[in-house]
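Q: Under the heading transmembrane segment, TrEMBL lists D:28-52, D:58-78, D:85-103, D:109-130, D:137-156, D:176-199, D:211-231, D:261-280, D:301-329, D:341-360.
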Ligand SMILES: Nc1ncnc2c1ncn2[C@@H]1O[C@H](COP(=O)(O)OP(=O)(O)OP(=O)(O)O)[C@@H](O)[C@H]1O
Ligand SMILES: Nc1ncnc2c1ncn2[C@@H]1O[C@H](COP(=O)(O)OP(=O)(O)OP(=O)(O)O)[C@@H](O)[C@H]1O
Ligand SMILES: [Mg+2]
Ligand SMILES: [Mg+2]
């Protein structure tokens, strides 16, 4: 857990003020300390990768950012002002969209209903204001197609989708509603190669629109392909932040493994897993 | 969906009789055709990779193999004899252990209880035969450590584990109980680099013990690292089977994407995703 | 960014007959049960059961139950229970009775007061459930006892010792709002129809059916409204989501707590509506009103396809479920069965109706 | 393959006081409620409530309820409901009564027959639930009605028209098995204790408490056995798994259907045990035995921490839940409250007990 | 001929079972077809709907109990308007004529309670418990009220469920928490009366126990001297006579000139043994 020289704190790729800044976040679950003081920020138009071993606290950390957990200690600044999100809805209304690792989908509900859950498009006025199902269906099918999935129909229950199809719904939803910050917790884990490359391309596109992206992944190659900055967590603490180009894949991979040695295969894994 | 010349059917890496042979399996869900005739076999001591796009039917296929789904049509031969598994328990007792994509874990139950669910070790005799909790705890912690996860305690509820920790429990369990065939449905999707390399090493190890492994992955590199044969599914049909060494990563990746073009990134994804 | 692929028909979808599509809707599953029960009684029951009067007769209790069941169904879809609705019927009936009899308030004041009062109690229920995180089963169970007890105490105070409060009919009779909550609607129409002989009359010439009991109209309106809300409004989506998975819904931005508390208030208001209707119809209220209605309402909702675990069901299902229940309970009295066997038949019919439902649905949709 | 890393203490775990560890167990959550209720009655109730006689007095109904509640709790943990247990008490009571009175069978035959019979009915229940895939709520509800109705019909047939079958006491009095299922245990011990003055006596010298009612012993034994099964046997693991997630459990190799059917049979046997005990104690059985007991049993299980959705709970929790319920129901008669307020207090006490439970648990375990 | 009986008591209630037995016997004796109906619980709204259902079938006679004249009145009036002869039984003597019933056969619950209260007071009782196993059932409430009126001394209502064990425990509790209680009145013999006797016996005190209605075991207790008496409404008569009258009315247009009181009849120690058998057959 040495402070690798290639790592340096605070120096960022651009000089814009961060949208969200998290300072010394701690989070305890009963007697378990999941986060022991993590600082982190996201700037507009950058993709900030959050990396780390299993159980390092990545998901817990982004959940405090999106209003699911209240931090035990630490401060959150949103566009410079201290802020606490009481519910995920607050965070969402502030412009933060998240793909959670568990996807936050309701298996019994249809794809469209899941896609628009909490933010249904309406038509008609006052008492006749109603859920615009046709438009919702169209939008949903179209967004899924953009990600490389041709759904059979917008009314298929999410519970009967394949793992990757389901994950794509969650990603498409977050991208569609992501206003200022898009948080993606291992978005590509269940995706096929084509869908993965679409997601990476999508990250690139939204970043260029000035949205800040937080990208969690275990895949070094994916992280390096789209990331501008890389923060590595280890056992609830941050190991530091590196900027793109400053660090080689092998170094990053070592850091992500928490400094521990990896098993060697006779097969040709060729450096990075 | 062309029959690539590098692909050829029936020619396998070794000449042993297959443990499980599936012929022309079809599976319909109501009006949805998930599998439209897939043939597949696994031999002792080989790692047979099942690849394919999202929604291709991989999970559905291995679920028919492990007794979760009954095939709508088609035959299953186990060690040469036609066989139908009525429940997953039957398949398990025949020696098939599976890591399902959704992991098949009970969030409210502890790690140990999940680990041994359905196959609890006992001590004592007749009426005093009881669940040997101490031994179970020890085994469970030890197996998890072998995979690179140090659990805080064996009585933590699985629902409070991180995504990767949870997946590791499922893998460790299947490896521990896998007798003749080990089926792994995207086992490494949520794993860190260290855990991933451990799992790949584990696959290698059990293969060398003569166990047949079915490995589903979207990661071409992982598949090539451990796979002996590669079967690609596309839209419920098989595109054919290739043997290791006969096919390049790029060809395999193209097949997995269902022949469709992939998005290009300015970033350095370097060939394979 | 890949261009969106062309929209092509999927070769992996078999074409599906219209009937199958229909039966897949939870709303319509319960219809098979209604048909079965109808056929059963068409064969076994006295022919008077399916005369106009007979239909009104079994639809009245079905409607009263149904108003509760629709509320209960929405709440169940939203993932919670309310066991206090039966007691709530007694309690808001008492409140309403006291308003009109003791305080002599006109209906235009008494009825809104009763609804506000019921909604408040429902809100308390809901808030305790949300704040404490306890299962709603146990919280509303406590209110089952508390409200039932308070009804008894209140009745005794209001009447000076009796458990029956009487005289409601006399005071509301001439109120202009009364026809909306009691008696029969379209009385003129029915009288005319009787005159010209379209409908049956008693020996004395009065029409056998003086009109459509208002509760039936309320019942239908509520079923339609609830279905509309569930299927065609954002609120409906939130209800399904809250019941399906609280955490996932809340993480996706659904205001789960607000949805749940509103549903508790709605359910209580349904109970108040039934209380107002029955108190005005009966002209009295007593400490046992609504006894076990919570139970029957949940039964009707479950027959209609609601899952106890939440997140799935429909208001139309509860509508048909109530009709099944009402038809069986009243229908058995039109048959020649000995009353001793009543419960056996009731249970048997319910079981057969739901099994039949289920079997038909599975067969039609090809589920395993 | 990496060598297993050395086992080191995890720096990310705070040390945890013993009390916290204790309170985290669902078994013990309900204890706080018992303590609270105890304190409440220690202050408000007549002192005779906590004499030996008083304790036996409220423990007897608590034990009868508890035997049902433990069965219901296991079934709920396994993810199903049985609403027919109350009716099952009446029905197996009738069966048992007919065995001993009409057929004059000795207990050694009659009791096993009753259990087998109950298990069969439970098995039917379970099989319908499993085969049809319908919610157990609705299936066992049908059986609630059916069994209740059959009890009435059966009683009238057995007695020639009455709803009460009597004369059980006379025929079983001298059976050697009777002391295991009726009356009080340890009579000799208590008589001796009375003699030497350890316990109170009546004026005539007989001990006020002639012994420990057998149902209390059964209750304790069953709570221990059920806890042992749940926590220390494979079957227990299967029960938790079946209730936690049916599909996941079955995919992991748990014989879910077998587990569930067995639980239905067990629950029915619990009802049969209560039936045998109460019929022998009362010497008679009637058509209303066990009325609403299914409801109370579920209440007790939920107070004791069982989740209605299954997969979580404990037998010891149901044990304490039954005691809370029994203590509140009986205890209120020892107080000076106007008995009209009975239900209000009952509901209020239940609510406070569970809220208190919950608050204590959260505070101790530091949950948010 | 078709006669329908609609009462507020369920078929599995011991009291109403006897009424129903009377109804059936009369049906056989007079040669008419009778049907007995009752709501699932004490529920006036449901009962009025059952009366409506009966009216729809236009029977040759309707027999009803009237525990709540307000709630049932319109339905009964509708029956009368439809030309169906109506006889009321059990409760509602005071309103029967007004609603258009031809006749009332029964014993007013309040009066029966009053008679019991007077009797127990005369046995020296000063402090009594009234065990109510169905709070809110108006006819049981009336029994308690009448009892309080006739008894004169202190009367506490003890609400319980239907469960014998709970009743026994509660009566025990009530006895031990107030040493001055000397009288216990149960409102139903089989469900409440028998456990009350057991509790009184276990208390070791001298407590007068009485109960409404009969059950074989309770009668045995009276015979053994453990209980004082039971109040017999002779409800078999309510069912039997009403159907009989109605049958004769339907056949020959006959109808007695006035109400028929079916009780009360106190069953005390001397008479108890004679009726045990009848009671265990559901006739008394
Ligand atoms: N509710 C909870 N109660 C107790 N411990 C928890 C809870 N949630 C998370 N933890 C623990 O906190 C640690 C961090 O979990 P987290 O999910 O944040 O890891 P992660 O970095 O996302 O890992 P992965 O890459 O495997 O998803 C884990 O060790 C986990 O066991
Ligand atoms: N129970 C079901 N009902 C209806 N459709 C289903 C059901 N289960 C799966 N499907 C459909 O069958 C197809 C194959 O699903 P499957 O889960 O086998 O895909 P997969 O190859 O495992 O994909 P992934 O890589 O995303 O996990 C999907 O399109 C899915 O929508
Ligand atoms: Mg994570
Ligand atoms: Mg899959």
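Think of each number as a place in line: the chain as shown, counted from 1.
The backbone N, Cα and C atoms fix where each Cβ goes, glycine too.
Whatever TrEMBL says is automated annotation, not expert-curated.
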Q: I'd like to know if the transmembrane segment (D:261-280) touches the transmembrane segment (D:85-103) in this structure, counting it as a touch only when three or more C-beta pairs sit under 8 Å and are separated by 6 or more positions.
A: yes
Q: When you scan the chain for residues with a C-beta under 8 Å from the transmembrane segment (D:58-78), skipping those not six or more beyond its ends, what do you find?
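A: Distant contacts of the transmembrane segment (D:58-78): 49, 85, 89, 213, 215-216, 218-219, 222-223, 226, 229-230, 239-240, 242-243, 259-260, 263-264, 266-267, 269-271, 273-274, 277-278, 293-294, 296-298, 300-301, 304, 306-308, 310-315, 317-319, 321-323, 325-327, 329-331.
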Q: With pairs 6 or more apart in sequence, are the transmembrane segment (D:341-360) and the transmembrane segment (D:176-199) linked by at least 3 Cβ pairs under 8 Å?
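A: Between the transmembrane segment (D:341-360) and the transmembrane segment (D:176-199), contact is absent.
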Q: Where else in the chain does the transmembrane segment (D:211-231) make close Cβ contacts, counting only residues six or more beyond its ends and a cut-off under 8 Å?
A: 27, 56, 59-60, 62-64, 66-67, 70, 73-74, 77, 179-187, 189-190, 239-240, 270, 273-274, 277, 314-316, 318-319, 322
Q: Counting only pairs at least 6 apart in sequence, do the transmembrane segment (D:176-199) and the transmembrane segment (D:261-280) share 3+ Cβ pairs under 8 Å?
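A: In this chain the transmembrane segment (D:176-199) contacts the transmembrane segment (D:261-280) - 3 or more Cβ pairs sit under 8 Å.
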Q: Taking pairs 6 or more apart in sequence, does the count of Cβ pairs under 8 Å between the transmembrane segment (D:301-329) and the transmembrane segment (D:137-156) hit 3 or more?
A: no
